[in-house]
Amino acid sequence: MENVLNHYNENYRILVTSGKIAIHLEMVAHHVRERLDEIKRKEVDRLRVKGFDERVLHHLDVENPHTFEMKDLEKLIVKATKDLDELDQKRKKEFKEYEMEKEHERREHLKELPEEERKKEEAKFEEMKKKHKDHPKVHHPGSKKQLEEVWEEKDHMDPDTFDPKTFFKKHDINGDQYLDVSEVESLFQEELDKVYDPENPEDDMEERYEEMNRMREHVMKEIDLNHDGMVSEQEFLDYSHNKDFEKDEGWDTLDEQEQYSEDDLHAWNATGNAARATARSLQPGSTEIPTT
């Protein structure tokens, strides 16, 4: 039975990521199809006015500028899936650069200080790192233990009555039988609160945002078997019966992982990024980057 389900999930994943699931467009009501036709015509006109090269458009079939067909939906699904992946990769790259810029500015600041002041600053830095790491255990995102904590603390439900189906319905805010990205990310706020407090100078809210995104990526990888960027009710219930759901292996927070190497930092400096970062920090009204 498990092999049959795996085969089905893999086939469905291919349907979604390839855009072939667009064949279901034929099931859409006539008035909806008419509205889609109208939207497509406006979009094609907009692109032509802007001078887009129709040969390189990836999200619409411009050879047929009049009606919205399966080929259009197929292109949109493929493009949206690719865009989500690219956005995550871009976010990770920018976060890495943010962390390197932060460390660069910290080191540059230390160079300007007399030896005694420098020692005090380094000791303060280490103390802040230690305080940041001193937090309650973070549950494995998407595990039964983590969701039970949401059930009890956020939903104010009896911890002994946890029910996956009821839990899903409570957090499917718009009632469409899917947990979208924002609905999934909302499940991690209690865990993130354990590590990041905006009132604490040792806690960096940029890191909290990155932590949340990595939790979301991890949970989607485990539960979103058809890779459509959402968790369906059935996917959620199937996962709740999986033996991995019962495991709580904890979660390595960002401070427990190396975000860049010294070689990365040297390469970043060599490209002139460090000079630009220093120039920005000297501009009037610039905001100091947290040093943890």
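Including glycine, each Cβ sits where the backbone N, Cα and C put it.
Annotations in TrEMBL come from automatic prediction, not curation.
Marked as compositional bias 'Basic and acidic residues' by TrEMBL: 101-129.
If you look up TrEMBL, you'll see 130-143 marked as compositional bias 'Basic residues'. For the compositional bias 'Basic residues' (130-143), same-chain residues at least 6 beyond its ends with a Cβ under 8 Å from one of its own Cβ atoms are 149, 187-188, 191, 194-195, 200, 202-203, 215-216, 218-219, 222-223, 239, 245-251, 253, 255-256, 292.
Residues 135-139, 141-142, 144, 146-153, 208, 211-213, 215-216, 219-220, 229-233, 236-237, 240, 251 of the same chain sit 6 or more residues outside the domain 'EF-hand' (159-194) yet have a Cβ under 8 Å from a Cβ within it. Taken from TrEMBL, the feature domain 'EF-hand' applies to 159-194 (among others).
Annotated domain 'EF-hand' per TrEMBL: 211-246 (among others), in sequence order.
Positions annotated as compositional bias 'Low complexity' by TrEMBL: 267-280.
According to TrEMBL, the feature compositional bias 'Polar residues' maps to 281-292.
Across the domain 'EF-hand' (211-246), the prediction's mean pLDDT works out to 92.
DSSP labels the residues of the domain 'EF-hand' (211-246) in these numbers: 25 helix, 2 strand, 9 coil.
Helix, strand and coil counts under DSSP for the compositional bias 'Basic residues' (130-143) come to 4 helix, 0 strand, 10 coil. For the compositional bias 'Basic and acidic residues' (101-129), DSSP puts the residue distribution at 26 helix, 0 strand, 3 coil.
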